[in-house]
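What follows is a single structure, written as C-alpha coordinates, with notes after it.
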Amino acid sequence: MSLKAATSFSLLNTRGGSLDHQFSSASSLSSNNLAVSLSIPRAKTGFGFLVCASKGADNKSLTGVVFKPFEEVKKELDLVPTLPHVSLARQKFTDECEATINQQINVEYNVSYVYHAMFAYFDRDNVALKGLASFFKESSIEERGHAEKFMEYQNKRGGKVKLHSILMPLSEFDHSEKGDALYAMELALSMEKLTNEKLLNLHTVADRNNDVQLTDFVETEFLTEQVESIKKISEYVAQLRRVGKGHGVWHFDQMLLHGEAAVA
(Lines of atoms letter the chains of each structure in order from A and count residues from 1; the text may use other names and numbers.)
(Lines give C-alpha, C1' and ligand atoms only; values in the text may rest on other atoms or scores of the structure.)
Protein backbone atom coordinates (compact mmCIF):
# COMPACT_ATOMS: atom_id res chain seq x y z
CA MET A 1 0.00 0.00 0.00
CA SER A 2 1.36 3.42 -0.91
CA LEU A 3 0.60 6.60 0.98
CA LYS A 4 0.17 9.96 -0.69
CA ALA A 5 0.64 13.04 1.39
CA ALA A 6 -1.82 15.89 1.06
CA THR A 7 -0.72 18.81 -1.10
CA SER A 8 -1.15 21.12 1.87
CA PHE A 9 -0.25 20.37 5.47
CA SER A 10 -1.58 21.59 8.75
CA LEU A 11 1.40 22.87 10.75
CA LEU A 12 0.66 22.86 14.43
CA ASN A 13 2.67 24.41 17.21
CA THR A 14 3.34 21.79 19.85
CA ARG A 15 2.62 24.47 22.42
CA GLY A 16 -0.81 24.98 20.88
CA GLY A 17 -2.16 27.13 18.08
CA SER A 18 -1.45 27.42 14.40
CA LEU A 19 1.89 28.49 13.01
CA ASP A 20 0.68 29.32 9.53
CA HIS A 21 1.19 33.04 10.14
CA GLN A 22 4.85 32.49 11.18
CA PHE A 23 5.96 31.16 7.81
CA SER A 24 6.73 33.45 4.93
CA SER A 25 7.97 31.31 2.10
CA ALA A 26 7.09 27.82 0.94
CA SER A 27 8.96 25.24 -1.08
CA SER A 28 7.40 22.21 -2.66
CA LEU A 29 9.04 18.77 -2.84
CA SER A 30 7.56 15.98 -4.87
CA SER A 31 8.67 12.45 -5.61
CA ASN A 32 6.38 9.95 -7.34
CA ASN A 33 3.34 9.57 -5.08
CA LEU A 34 4.50 11.93 -2.34
CA ALA A 35 4.00 15.67 -2.52
CA VAL A 36 5.27 17.77 0.36
CA SER A 37 4.91 21.49 1.01
CA LEU A 38 7.35 23.00 3.47
CA SER A 39 7.30 26.49 4.90
CA ILE A 40 10.37 28.23 6.28
CA PRO A 41 10.05 30.04 9.64
CA ARG A 42 10.98 33.75 9.73
CA ALA A 43 12.87 34.17 12.98
CA LYS A 44 11.29 32.51 15.97
CA THR A 45 12.91 29.42 17.34
CA GLY A 46 12.25 27.05 20.21
CA PHE A 47 8.95 25.68 18.99
CA GLY A 48 8.12 22.36 17.42
CA PHE A 49 5.63 21.54 14.73
CA LEU A 50 3.78 18.49 13.39
CA VAL A 51 3.30 17.63 9.74
CA CYS A 52 0.05 15.76 9.11
CA ALA A 53 -0.23 13.62 5.99
CA SER A 54 -3.37 11.90 4.81
CA LYS A 55 -3.70 8.65 2.80
CA GLY A 56 -4.58 9.34 -0.77
CA ALA A 57 -7.46 7.64 -2.48
CA ASP A 58 -5.25 6.38 -5.26
CA ASN A 59 -3.36 3.34 -3.81
CA LYS A 60 -1.10 1.58 -6.30
CA SER A 61 0.74 -1.71 -5.72
CA LEU A 62 4.41 -1.53 -4.86
CA THR A 63 6.70 -2.41 -7.75
CA GLY A 64 10.00 -4.30 -7.64
CA VAL A 65 9.00 -6.64 -4.77
CA VAL A 66 11.35 -9.64 -4.74
CA PHE A 67 9.60 -11.91 -2.24
CA LYS A 68 5.83 -12.19 -1.94
CA PRO A 69 5.40 -14.60 1.00
CA PHE A 70 1.63 -14.87 0.96
CA GLU A 71 1.62 -15.64 -2.75
CA GLU A 72 4.57 -18.03 -2.81
CA VAL A 73 3.53 -19.96 0.28
CA LYS A 74 0.29 -21.06 -1.37
CA LYS A 75 1.95 -23.95 -3.20
CA GLU A 76 3.68 -25.11 0.00
CA LEU A 77 0.44 -24.81 1.93
CA ASP A 78 -1.25 -27.14 -0.55
CA LEU A 79 1.51 -29.72 0.05
CA VAL A 80 1.13 -29.88 3.85
CA PRO A 81 0.07 -33.49 4.61
CA THR A 82 -3.23 -34.12 6.31
CA LEU A 83 -2.86 -37.86 6.90
CA PRO A 84 -1.67 -38.68 10.44
CA HIS A 85 0.96 -41.23 9.34
CA VAL A 86 2.70 -38.84 6.92
CA SER A 87 5.60 -36.67 8.12
CA LEU A 88 4.97 -32.93 8.32
CA ALA A 89 8.69 -32.07 8.35
CA ARG A 90 9.73 -33.87 5.17
CA GLN A 91 11.01 -31.57 2.42
CA LYS A 92 13.19 -32.43 -0.57
CA PHE A 93 14.18 -35.73 1.06
CA THR A 94 14.21 -38.56 -1.47
CA ASP A 95 13.40 -42.21 -0.89
CA GLU A 96 16.92 -43.16 -1.98
CA CYS A 97 18.50 -40.95 0.69
CA GLU A 98 16.13 -42.34 3.30
CA ALA A 99 16.95 -45.95 2.37
CA THR A 100 20.71 -45.33 2.31
CA ILE A 101 20.60 -43.77 5.77
CA ASN A 102 18.86 -46.89 7.06
CA GLN A 103 21.62 -48.99 5.49
CA GLN A 104 24.24 -46.85 7.21
CA ILE A 105 22.47 -47.31 10.54
CA ASN A 106 22.77 -51.06 10.01
CA VAL A 107 26.49 -50.73 9.19
CA GLU A 108 27.14 -48.78 12.39
CA TYR A 109 25.25 -51.30 14.53
CA ASN A 110 27.06 -54.26 12.98
CA VAL A 111 30.46 -52.68 13.58
CA SER A 112 29.43 -51.86 17.14
CA TYR A 113 28.43 -55.50 17.63
CA VAL A 114 31.81 -56.75 16.40
CA TYR A 115 33.68 -54.37 18.72
CA HIS A 116 31.51 -55.50 21.63
CA ALA A 117 32.48 -59.10 20.89
CA MET A 118 36.14 -58.06 20.93
CA PHE A 119 35.62 -56.38 24.29
CA ALA A 120 34.14 -59.60 25.69
CA TYR A 121 37.07 -61.65 24.36
CA PHE A 122 39.87 -59.49 25.79
CA ASP A 123 38.02 -59.16 29.10
CA ARG A 124 38.21 -62.93 29.72
CA ASP A 125 40.23 -64.05 32.75
CA ASN A 126 42.53 -66.21 30.61
CA VAL A 127 43.20 -63.36 28.14
CA ALA A 128 43.20 -60.44 30.60
CA LEU A 129 44.23 -57.63 28.27
CA LYS A 130 42.28 -54.87 30.00
CA GLY A 131 43.58 -52.09 27.78
CA LEU A 132 42.36 -53.75 24.61
CA ALA A 133 39.07 -54.66 26.31
CA SER A 134 38.53 -51.04 27.31
CA PHE A 135 39.50 -49.78 23.84
CA PHE A 136 37.04 -52.03 22.03
CA LYS A 137 34.27 -51.33 24.55
CA GLU A 138 34.63 -47.59 23.94
CA SER A 139 34.75 -48.21 20.19
CA SER A 140 31.51 -50.20 20.40
CA ILE A 141 29.78 -47.40 22.30
CA GLU A 142 31.04 -44.86 19.77
CA GLU A 143 29.70 -46.80 16.78
CA ARG A 144 26.34 -47.27 18.48
CA GLY A 145 26.31 -43.53 19.08
CA HIS A 146 26.86 -43.00 15.35
CA ALA A 147 23.87 -45.24 14.60
CA GLU A 148 21.69 -43.27 17.00
CA LYS A 149 22.85 -40.00 15.46
CA PHE A 150 21.73 -41.23 12.03
CA MET A 151 18.41 -42.32 13.51
CA GLU A 152 17.84 -38.86 14.98
CA TYR A 153 18.73 -37.27 11.64
CA GLN A 154 16.37 -39.62 9.79
CA ASN A 155 13.51 -38.51 12.04
CA LYS A 156 14.53 -34.88 11.71
CA ARG A 157 14.20 -35.01 7.92
CA GLY A 158 10.86 -36.83 8.05
CA GLY A 159 12.12 -40.28 7.13
CA LYS A 160 11.30 -43.55 8.86
CA VAL A 161 13.94 -45.58 10.66
CA LYS A 162 13.91 -49.24 9.61
CA LEU A 163 16.32 -51.46 11.51
CA HIS A 164 17.71 -54.43 9.60
CA SER A 165 19.09 -57.69 10.94
CA ILE A 166 22.51 -57.80 12.58
CA LEU A 167 24.86 -60.73 11.93
CA MET A 168 26.38 -62.69 14.79
CA PRO A 169 30.05 -61.67 15.11
CA LEU A 170 33.07 -63.83 15.85
CA SER A 171 33.71 -64.73 19.46
CA GLU A 172 37.31 -66.00 19.08
CA PHE A 173 40.10 -63.71 17.88
CA ASP A 174 43.25 -65.70 18.50
CA HIS A 175 45.38 -66.20 15.40
CA SER A 176 48.12 -68.82 15.10
CA GLU A 177 50.59 -66.49 13.35
CA LYS A 178 49.55 -62.97 14.35
CA GLY A 179 48.23 -63.54 17.82
CA ASP A 180 44.98 -62.16 19.14
CA ALA A 181 45.93 -58.51 19.69
CA LEU A 182 47.33 -57.90 16.19
CA TYR A 183 44.59 -59.91 14.48
CA ALA A 184 41.83 -57.99 16.31
CA MET A 185 43.42 -54.63 15.57
CA GLU A 186 43.84 -55.45 11.88
CA LEU A 187 40.20 -56.50 11.81
CA ALA A 188 39.25 -53.20 13.46
CA LEU A 189 41.23 -51.28 10.84
CA SER A 190 39.39 -53.13 8.07
CA MET A 191 36.05 -52.35 9.73
CA GLU A 192 36.89 -48.65 9.95
CA LYS A 193 37.84 -48.51 6.28
CA LEU A 194 34.65 -50.35 5.32
CA THR A 195 32.61 -47.90 7.37
CA ASN A 196 34.37 -45.03 5.61
CA GLU A 197 33.47 -46.54 2.23
CA LYS A 198 29.82 -46.75 3.27
CA LEU A 199 29.86 -43.12 4.46
CA LEU A 200 31.35 -42.00 1.15
CA ASN A 201 28.64 -43.93 -0.67
CA LEU A 202 25.99 -42.16 1.42
CA HIS A 203 27.62 -38.84 0.56
CA THR A 204 27.51 -39.76 -3.15
CA VAL A 205 23.81 -40.64 -2.93
CA ALA A 206 23.06 -37.34 -1.19
CA ASP A 207 25.03 -35.41 -3.81
CA ARG A 208 23.27 -37.23 -6.67
CA ASN A 209 19.92 -36.24 -5.18
CA ASN A 210 21.03 -32.62 -4.63
CA ASP A 211 20.50 -33.03 -0.89
CA VAL A 212 22.89 -30.36 0.36
CA GLN A 213 21.77 -30.75 3.96
CA LEU A 214 22.56 -34.47 4.04
CA THR A 215 25.98 -34.00 2.43
CA ASP A 216 26.77 -31.33 5.02
CA PHE A 217 25.65 -33.63 7.84
CA VAL A 218 27.88 -36.49 6.64
CA GLU A 219 30.88 -34.22 6.11
CA THR A 220 30.54 -32.35 9.40
CA GLU A 221 29.70 -35.24 11.72
CA PHE A 222 31.51 -38.28 10.30
CA LEU A 223 34.09 -38.00 7.53
CA THR A 224 36.84 -36.17 9.41
CA GLU A 225 36.41 -38.36 12.48
CA GLN A 226 36.56 -41.49 10.33
CA VAL A 227 39.87 -40.50 8.77
CA GLU A 228 41.29 -39.83 12.24
CA SER A 229 40.14 -43.25 13.47
CA ILE A 230 41.77 -44.98 10.50
CA LYS A 231 45.04 -43.17 11.19
CA LYS A 232 45.03 -44.05 14.91
CA ILE A 233 44.27 -47.74 14.39
CA SER A 234 46.84 -47.94 11.58
CA GLU A 235 49.48 -46.80 14.09
CA TYR A 236 48.31 -49.44 16.57
CA VAL A 237 48.66 -52.13 13.91
CA ALA A 238 52.18 -50.94 13.08
CA GLN A 239 53.19 -50.98 16.76
CA LEU A 240 51.76 -54.45 17.37
CA ARG A 241 53.62 -55.80 14.33
CA ARG A 242 56.85 -54.58 15.93
CA VAL A 243 56.31 -56.02 19.40
CA GLY A 244 55.33 -59.55 18.34
CA LYS A 245 53.18 -61.87 20.45
CA GLY A 246 55.06 -61.90 23.75
CA HIS A 247 55.73 -59.35 26.48
CA GLY A 248 55.40 -56.51 23.99
CA VAL A 249 51.64 -57.13 23.73
CA TRP A 250 51.29 -56.67 27.49
CA HIS A 251 53.30 -53.44 27.30
CA PHE A 252 51.07 -52.21 24.45
CA ASP A 253 47.98 -53.15 26.45
CA GLN A 254 49.24 -51.13 29.41
CA MET A 255 49.71 -48.15 27.11
CA LEU A 256 46.06 -48.39 26.05
CA LEU A 257 44.95 -48.79 29.64
CA HIS A 258 46.94 -46.00 31.26
CA GLY A 259 47.98 -43.77 28.36
CA GLU A 260 51.26 -43.36 26.55
CA ALA A 261 52.78 -41.06 29.20
CA ALA A 262 52.25 -43.65 31.96
CA VAL A 263 54.41 -46.29 30.27
CA ALA A 264 57.00 -44.05 28.61
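The backbone N, Cα and C atoms fix where each Cβ goes, and this holds for glycine too.
The following features are taken from TrEMBL:
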DOMAIN    91-244  domain 'Ferritin-like diiron'
BINDING   E108  Fe cation 2 binding site
BINDING   E143, H146, E192, Q226  Fe cation 1 binding site
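In the structure as shown, the Cβ atom of E192 (Fe cation 1 binding site) sits within 10 Å of 22 other Cβ atoms. A gap of 7 Å separates the Cα atoms of H146 (Fe cation 1 binding site) and E108 (Fe cation 2 binding site). The Fe cation 1 site is defined by E143, H146, E192, Q226, and by the 8 Å test on Cβ atoms against their centroid, the other residues of the chain that qualify are E108, V111, E142, T195, N196, L199, F222, E225, S229. The residue listed as 'Fe cation 2 binding site' counts 24 other C-beta atoms within 10 Å of its own C-beta, drawing on all protein chains shown. Counting Cβ atoms from all protein chains shown, Q226 (Fe cation 1 binding site) has 20 others lying within 10 Å of its own Cβ. Residue density at E143 (Fe cation 1 binding site): 24 other Cβ atoms are found within 10 A of its Cβ, drawing on all protein chains shown. E108 (Fe cation 2 binding site) is 10 Å away from E192 (Fe cation 1 binding site) when you measure Cα to Cα.
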